[in-house]
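Read through the structure below, which is laid out as structure tokens, and then see the notes.
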Amino acid sequence: MDCLCIVTTKKYRYQDEDTPPLEHSPAHLPNQANSPPVIVNTDTLEAPGYELQVNGTEGEMEYEEITLERGNSGLGFSIAGGTDNPHIGDDPSIFITKIIPGGAAAQDGRLRVNDSILFVNEVDVREVTHSAAVEALKEAGSIVRLYVMRRKPPAEKVMEIKLIKGPKGLGFSIAGGVGNQHIPGDNSIYVTKIIEGGAAHKDGRLQIGDKILAVNSVGLEDVMHEDAVAALKNTYDVVYLKVAKPSNAYLSDSYAPPDITTSYSQHLDNEISHSSYLGTDYPTAMTPTSPRRYSPVAKDLLGEEDIPREPRRIVIHRGSTGLGFNIVGGEDGEGIFISFILAGGPADLSGELRKGDQILSVNGVDLRNASHEQAAIALKNAGQTVTIIAQYKPEEYSRFEAKIHDLREQLMNSSLGSGTASLRSNPKRGFYIRALFDYDKTKDCGFLSQALSFRFGDVLHVIDAGDEEWWQARRVHSDSETDDIGFIPSKRRVERREWSRLKAKDWGSSSGSQGREDSVLSYETVTQMEVHYARPIIILGPTKDRANDDLLSEFPDKFGSCVPHTTRPKREYEIDGRDYHFVSSREKMEKDIQAHKFIEAGQYNSHLYGTSVQSVREVAEQGKHCILDVSANAVRRLQAAHLHPIAIFIRPRSLENVLEINKRITEEQARKAFDRATKLEQEFTECFSAIVEGDSFEEIYHKVKRVIEDLSGPYIWVPARERL
């Protein structure tokens, strides 16, 4: 009887609870986080007498320096190998065995499965134990330089294919694109299905696994999936495809990433890795044996696929990303449809749901005629294990998308001055707003390719606000406008959806709304002005004191502090105007406070203390940013005094995040700091110039400095009197 020998390999995943704290990094490194590939001279990498090996072969090698910025989930890849446990044969190299979807490495796009790590920053890991390599990566800091080696891929055969559209269109399906990689680490667009009887099938040259480089004159390298689909759809009857044919060595598994080893099982690696990066401990193995394992959403938009049309029962376990899909619909009984599936999320990994599915029920709750709000509540309150009855209805979903498309066309026509009877006349054309929330177009429906994503604090020039749901806008950088133009959700749309969310939250809580009146923030109107002073700095949230101290000590020529006022008697060693402005009359200081000459004041031991507007102005007019340790209320008082501050809120992601950033405080102190920060954000969000987050103080401090640099002026955006 044959024996089956299973060999396991050590692994380490750089994310979630295993993510180490970020260490100090050289000041110049953050600017290199997105640097282009650098081919490293092999002489600098090879020690005398050391023979480099990759996968036990002597193939032609290439070298690359890759700089990654550690994200919320760490570096986003898995490794195996080492002198104590070689991954392939007797090769002691440290190999990349998995690229985590959505992680830092996947977003950068250059690191590949089977790359061999030679150096981590300046640490040589070519011939070390597995634990030593893990330690080198843990101690590498927030900005990590990897020197990697890989075998050069065989040259692809590029050819041009002419297709003539038939009744089934072009007759093939695609997958891939930026943010939706079909093969981890590769943004290319791949052919995943040839429709029998279609144009591609009749021509015979296009094959599964082919890479589409261009459609007519439109390049498809490093584009989003939606853009590739649009390029293929927006063609006439005759279409020219520029196609790269893969090497024969890889044709055995067109869906798998090129694997140049014979002893490494991609299937095994996926099977033992999935549960750990989802942050779950479900006993059910999620073995991704389907060829769709690298394709989060079914992308059969160019031809019909044989997909069961009967209702299906799907069980999904809620993960750290929720259920991992978005829904649309719920108006006029049109049904609830899945519009987006998050790559790497529970729905994606189950392989059971697809865009275009109608959700018929959730845990027995009938959603066939539910409103969008009712469906959202049912999904939110479904618990950890969710049973969904879904039915694939591409025709109905296509009609829903067609309605969105018609709206988009109307908006476009309106913006060009043609107008339509269904759109209101446009009372507001050409105004500027500042976003008070983050918007990710991929999480919304309908406008995936033409919507404009933005972050909190971004300034947008609204070109056309004639529609109630979508405004046409252009992003503004500094004192110039970019070519980034698209559609953003209107104030009404944002507030309606947020109220629905808050209503669902209150409905699902045991205490109900308790009379709470949550304010919904969307945008504020802004106007541009020129300033001739250094803007004061107000940092709020956990670690603000450390950030203030570091700015003053690191850049004494750029930052300063003002001298406070007090009615306390002067002590012998104190100097008036240096330590304090000593006010002899309490009555006078009280009058000045009532006259709004102080941005903040209080009483301690029967003496008044305060920071005057004039003290801040003196520092600002000296060309130094005045660092202020005040409350958020001071922001509005400074604005009223025409000293527009840069207010930066340091937002903790969680209680654990507070403890990780400041290891010297107790859990109780961290909980109080987290609660204070949460309340501060709820009450003063509109006062913040920017919101920063980070896994370490070093990361936060770097972002704080970048915000100050970006918002220093001389041209700045300030709140306008006009209300939306």
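Each position is counted from 1, following the chain as shown.
Using N, Cα and C of the backbone, Cβ positions are placed for all residues, glycine too.
Keep in mind that what you see is a predicted model, and the values were worked out from it rather than measured.
Of the residues Ser265, Ser418, Ser519, Swiss-Prot records the annotation phosphoserine for Ser418. According to Swiss-Prot, the listed position annotated as phosphotyrosine out of Tyr240, Tyr533 is Tyr240. Ranges compared are 15-35, 477-497, 498-518, and Swiss-Prot records region 'Disordered' for 15-35. Of all the modified residues in the list Tyr240, Tyr580, Ser606, Ser654, the shortest Cα-Cα distance to Ser142 (phosphoserine) is found for Ser654. Averaged over the domain 'PDZ 2' (160-246), the predicted model has a pLDDT of 84. Of all Cβ atoms in the shown protein chains, 22 besides its own fall within 10 Å of the Cβ of Ser142 (phosphoserine). Tyr240 (phosphotyrosine) has Tyr715 as its nearest neighbour among the modified residues Tyr580, Ser606, Ser654, Tyr715, going by CA to CA distance.
Taking the C-alpha atom of Tyr715 (phosphotyrosine) as reference, the shortest distance to any of the modified residues Tyr580, Ser606, Ser654 belongs to Tyr580.
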